[in-house]
Every structure is written in C-alpha cells, then in structure tokens.
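Database features (TrEMBL):
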type: TRANSMEM; residues: B:12-30; note: transmembrane segment
type: TRANSMEM; residues: B:42-64; note: transmembrane segment
type: TRANSMEM; residues: B:84-105; note: transmembrane segment
type: TRANSMEM; residues: B:120-138; note: transmembrane segment
type: TRANSMEM; residues: B:150-171; note: transmembrane segment
type: TRANSMEM; residues: B:191-210; note: transmembrane segment
type: TRANSMEM; residues: B:217-243; note: transmembrane segment
type: TRANSMEM; residues: B:275-296; note: transmembrane segment
type: TRANSMEM; residues: B:308-326; note: transmembrane segment
type: TRANSMEM; residues: B:338-358; note: transmembrane segment
Amino acid sequence: MNGGGCQVRDKGRISGILLVIIIAMISSGCWDQRELQDRNFVLAVAIDAAEAGEQPGQSPAAKANETFAQPHGEKRYRLSQQVLRLGPARGGGEGQQDSGGGQAGGRTYVLSNTGQSLFEIIRDTLGQSSKPLYFEHIQTIVISEAAVQQAGLKPIVDFFLRDAEMRWRIKVFITPGEARKILEYVPPNKDAGGIYLANILRNHVKNIHVAGTRTDLGNISVMLGNKQDLIIPRLDMADNIVKSSGVALFNKDKFVGYADAQAVAGIKMIRSTEKSAIITVPGDKADEVVAFELFMHDTKLAAHVDGDQIYFTLDISMTGNLGEYQAPGQIKGAADPDFIRRIEVKTAAEVKRIVLYGKDTCQAAGCDVLNFSAKLKAHHPQTWAKVKDRWDELFPYIPLVVSVNVVIAQIGEHR
Amino acid sequence: MANLEAKNKMSVAQFGLFLTAVMFGTQIIGLPTKVVPQAEQFAWVSVVLSGGLYFIAVWILMKLGEIYPGQDYTAYLPQLLGKWPGLTVVAAVLLLLVVFVWVIFNQFSRGLAFFMFDRTPYDVIIMGMLGVVIYCALQDLGTIIRITQFTFFVSTVMMGSIWILGLFNFQPENLLPLWTDKPWGIVEATFSTWGVYGGYEIILLLFPVINRTKGRLVLALALAIGFVMLISFVVVIITIGVLSVEGVKNESYPVLVVVRSVELPGTFIERLENYLLIAWIPSVFNTMAVLVYAIGQTLSRVSGFADHRPWILAVTPVIFLGATLLDGMEMIKVADKMVNWLGAVLSLGIMPLIYLLARRSERRRMSGAG
C-alpha cells in the first residue's frame, strides 16, 4: 500500500515538474523578440525640401537611389535619419565622409530618401538598411525652413504624433539651412548627434537665449490643436559649429519668421518660463559691466478689459545675485548698498527693455506666443468670444504695462 | 484547518472593496475621450454629477435587494413582474454585462497592441486575457474575492504612482474659463459615463451573500462609488490640465499621453505609459473576471443549474467571438454607445420603476397581512 502511495506521489511530482518546465518554456521571452543588435536605432531625423540638393559629388545614379517610384503626388520632402552605429566610436578623421554617409569618427551615420509621405519614405529607406529602423529612442527632429514653408508645420509633424514608437518629448528645431547637414555633425565629445542636439535644448534652464520650455513635439501638438501660435527653437550650423539661439515663429502652423536671442529672453520672461538668466547692465561708469544672475522670480501676466480696451499687465519680481562686476582700472568693491540699489534699478529697467523688445518682435510678426489670447480666453471668456475672430488684427496693437522689481540678495564670495 | 476557498458569505467591507475593484480601472483610460469633447473644461463636473447619479442607482438596487432578502434578481424579478417580463429584464442585464465584457476586451486588446505589441493580432491578446479571466471566473466566490483584493491594491497603487507624475506638466489655466455656453454638454457627458461605474449591477446577484450584521452597506456603496468618482475626477482634471481641452480632443489615448509627456531626468526609466498599461492589466482582469462570474452565475440560476462553471465554459466562445467581431472603429463606437445607454436606461429608468413596483407590492402584502 505504501509503495503504491509513493508511486502516486512521484507521478504527481513528475507531472508538476513537467508542467513548470512547459510553462517556463512557453512564457519566457516574447514571441516576436528582436535583439538589440538586430535593430537600427534612429536618434534624429532631418526633414528638408525634396529639392534641397544633392550631396557634394553625388552622382545622378546615387541621387536616384535616394528616392523611389511614387504612384501619385509630388516629391515633397527629403527625410534623413541619423542611425546609431553600435560599437565603439571611430577615432580620427575630421570631415571625412564614411561609406554610410556620415563623417568618420562619429557614432552615427545618415540615410536619406525623398518622397511625399514621411512614413512611406521611412519604410522605403529600409532598402538602404540591413536592419529595421527603430524609432523608440528618437531624440531630435530638425526641420528646414524650406520644408516647413512648403505646406506648413502640421503635415510634417503628423506622422510623428500618430506613430506609437515616437516620443512625446522629442526636441524639435527649425534650421534656416539644410537640415541633413546637421545630422552629419559630429559632436566634439563624439556623443551621438541626436542626443547631443536634444541635450542642447535641455540647457534652456541656464540659458535664457534658448527656448526649450513647451517647445517639444507634444507641446507643439497641443498648441496646434488649440490653434495657437507657437515657437520652435532655431538651430544653425556653420563650419562644424552648431548653435541653438533664437526661435522660429509660427502663426498657427505657418512659418512667419525668426526672433533673435534677445526676443527669446523677452518671450520667456513674459511666459514666465525662464529658470535662470544673466542680465548685464553698465555699472556706475560706461565701461563697467555688472552681471545679475537670476535665481528666482515671481511673474504674473494678467489680462484687463476696460470697456472696449484690452490691455495686459506684467508684474515681475526677481531675486538673484551679483555674479560679475567688471570695473576696469580700479579696485572697487561691490558691497556698497547704494551701488547695489542702483544696480537693482538698472537691472529692472533692462528686464523691462528685454520684455518689451520680445513683445514688439512678436507683435511685429503677428505671432501671439506671449499667452495673451490664452489669458484673455481663460479670464475674460465673454470678451474673448467677441474678439476671437479679429484677434489676429487686434494682437499687434495690444498694450503691455510692465513693472519689474529686482532684489540682489548676494554679491558672491568676493566682496 | 479552515478551508479558505469555500466562502459563501462576505462582509460589508469586503463587498465594498469587491465592488470598487469591479468598477475601477477599465474605463479610466478612455474616460477623458468620452466626457471632454462634450463637457470641455467642465468634464470634472460631469464626473461628479455622474458619481451622484450612479450612487442613487446602486442605492436603489440595494433597496430592491432589501425588499427580497435572501433572493437574487433572477428569483425576485419573475415573482414581481411575472415570469416572462421578469426574465426579459434579467436578459437585459445579462446582455448589458456580455456586451460590456466584449467592449472591455476589445478596447483592452487595442490599447495593448497599439502601445506594446504592435504586430500581435488583437485576437491573440484577447485569447490570452480570456484564458486567465475564465480560469478565475471558474473558481469559488471566496477565491475570486481574494484575488480581486490582492490585484486591486497592487494595480491601484502602481497606477496611482505612475499617473500622479503627470502633475509635472500640469497647467491650471487649461481648466479655465469657469464659464461655458454649452451647459447641455455637461449633462450629456454625465449620462455617457455609465462605463466608469459599470459593474455595480453585481449587487443584484450578490446581495443575498452580504453578511450585514456588521457595518453599513449604504456607507460601503458610497465609499466605493466615491473612490471611483474621486479617481475619475483626478484623471479628468490632470488630463485637461496637461493637454488642454483641444489637446484631449485630438488624442486617441489622452490618459496615456499625459504619462508619456513625463520626462524623468537622469533615469533609465522611460516610456512610462507602458508601465501604466502593465498596471492597468490587473485592474481590467478584476473587472472582467467578476463580470464573467456574474454572467455564469446568472445563467446557472435562471436555468436551474447548481454549478456556474459549465455556463462559464459555455459563454467563453460567445465572449471571444463578440470581442473579436467588434471590428473597425465605427462598430466599437456603436457597441460602446449601446452599452452606455443600455446601462444608463436600466439603472436610471427600469430599475427605479421596478423598485417602485416592488415597494407597492410590499405595502400591499403588508397591509394584506395586517
């Protein structure tokens, strides 16, 4: 009897072990798994107009290879993809083209193709790639001014907003030149270009000239959805130097021009998106320079309606430190309270000037990226209902009353 | 040693938790898409109003149960309304539950396929989930209660922790203005939220097994509805605050986009929406397991079977076919609308009328007995 019981228990155990093995075999891993090295990671995308030009020395046959037979429509865009080269970065050679279209020494290479549908272009580019192109890690989209002027911004970003592989926080740039060239840029630290470019925008917290708040792909989507005007950071490249400074201004999805770095500072101050800033003013003498470093601010933009008159007020209260004091030819301290007071007043006046410059730039371009319409709609909905159809006409003439208070809390370690 | 699986009674507190687990989760992902286009920045008002409305609905179902203690709806409805009208109402509830399960399965498979398994056919996802749901529904009520209690806590804590990160991108001004020229939209949205609370109908079936000697059932119901309402309220507020009204209108899965918009600096944790989806799976599982159990129990009682399990197995192909045949966006929209209106009409129209009838007949019985 006991022996029979043991046999039954053993059978039960064996069945249990077999069941566990079978479950482990069928449930481990994904059925459609693809290893890391079997993917081509796209880190950045550049969109140019289709006729942006051949690469230097490119033969007609090579140009023909960077396109495909399109059943209908015209060739509208050239889409270039910056692909991560898995493995160690190559050393040496500046400016040398490697076989993949990128510059030797970089961790990436670039594939280009032309067509109309961006999705179709990407899929056709697989004809140039040994592995599937994978967009889960895309960081940056660079769009050329020429491309965006063709049909507006919305048709270009649509694919990136629709596809589940894309990220909501992709950094977007507009460049006045050729976008593909920027993808070929090899950063000095040999980082992958797409990541390097995206990280430039992340520096917006320290650099008031860089517009990086609410300019990501997702923010662009929300603004386009709200039929709001928007800004996209500008990116320039010359002689292997890339720099983001200034912004491209969009009226809804139509490109209307650029605003310079000073205007960006003003726009950020009005929108209260600046985290830090260096504001320079003259000292007591004309050749003296004092730099104020902004640490904290309390900014309030308010809409007011007085009869038919709409105007805005901007109250800014800034606190920061005196970060630098250049006084040539004399050894003079900065700890004098009267001097500090004078600098506070000058800094406040400079902030006011920057704000009004930003406001005037936007009004001259007819581009309401100052949150005026959003504020009016939120706080005076009935007035907004009356003026919303004429807002584009009214916006350039809306007054802004600015009041700035600056407090210098510290003068630094050196008095 | 006590048999923990054999359990035919549950306490008031257990029922409250059970009900919360059944209602919570499945529709949270799609809630803003349903209410924001109609009620715009006042969608939160619709959510609060619907909470009150469906509390009244579940309170009526509780009062109905009190008139017939010890009986579930499959027993007292034919008594009260006559055999065929009673069975028709039972069939309507059954239809509601079945179509609701179809819709949930379908939406679940689509969401999961879109964000996580883009090449996996919807049928395969439905099949996998259906397998575990059916396995759970085949168990004894005690086991199901324990499973839902566990998964509810795990799922809710995980979803809440991920979801709250959306506050990083919250802009209060997106909730303004506090003024609307479309008040009717708020009312319309209120009536389109049945799915958020859907599942409370299980009280019709489980009322007799609630041990009411300890705790107040009405308080448990209020807390269950209140919890779902509070979470829905927070979800709607944060979604509008992050995406704005127009932004929500433009997104297919705005709740996931809110999480997607979070960028955690310096971490290797990316694609938070996938974590939210993973946390969502147990929540969907809870709802579906209990709804399928309720379908099986209802059928077994109507047909006079002692065991609900054969009926669970019998409805499995119906559930699978229904969920997979809801193909194309238009059909899903129609099924979703149908289930919403059927749920609202049953809860806010037919059941209150039945309750009035039951009270009248009870009064007559009492006066006859007196």
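Note: Cβ is positioned from N, Cα and C throughout, glycine not excepted.
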Find the member of B:12-30, B:84-105, B:191-210, B:275-296, B:338-358 that has more C-beta pairs under 8 Å to the transmembrane segment (B:217-243) than any other listed stretch. B:12-30
With a cut-off of 8 Å between Cβ atoms, can you find at least three pairs linking the transmembrane segment (B:338-358) to the transmembrane segment (B:150-171)? Only pairs 6 or more residues apart in sequence count. no
Outside the transmembrane segment (B:84-105), at least 6 residues beyond either end, the same-chain residues with a Cβ under 8 Å of its Cβ set are 26, 73-74, 77-78, 126, 129-130, 195, 198-199, 201, 204, 284, 287-288, 291-292, 294-295, 298-299, 302, 315, 318-319, 322-323, 326, 332, 335-336, 338-339, 342-343, 346, 350, 354
For the transmembrane segment (B:150-171), distant same-chain residues with Cβ under 8 A (at least six beyond the ends): 17, 20-21, 24-25, 28, 231, 234-235, 238-239, 241-242, 244, 255, 258-259, 261-262, 264, 272, 275-276, 278-283, 285-286
In terms of Cβ proximity under 8 Å, which residues at least six beyond the ends of the transmembrane segment (B:12-30) contact it? 104, 107-108, 111, 145, 148-149, 151-152, 155-156, 159, 195-200, 202-203, 206, 210-212, 214-217, 219-221, 223-225, 227-228, 231-232, 235, 253, 255-256, 280, 283-284, 286-288, 290-291
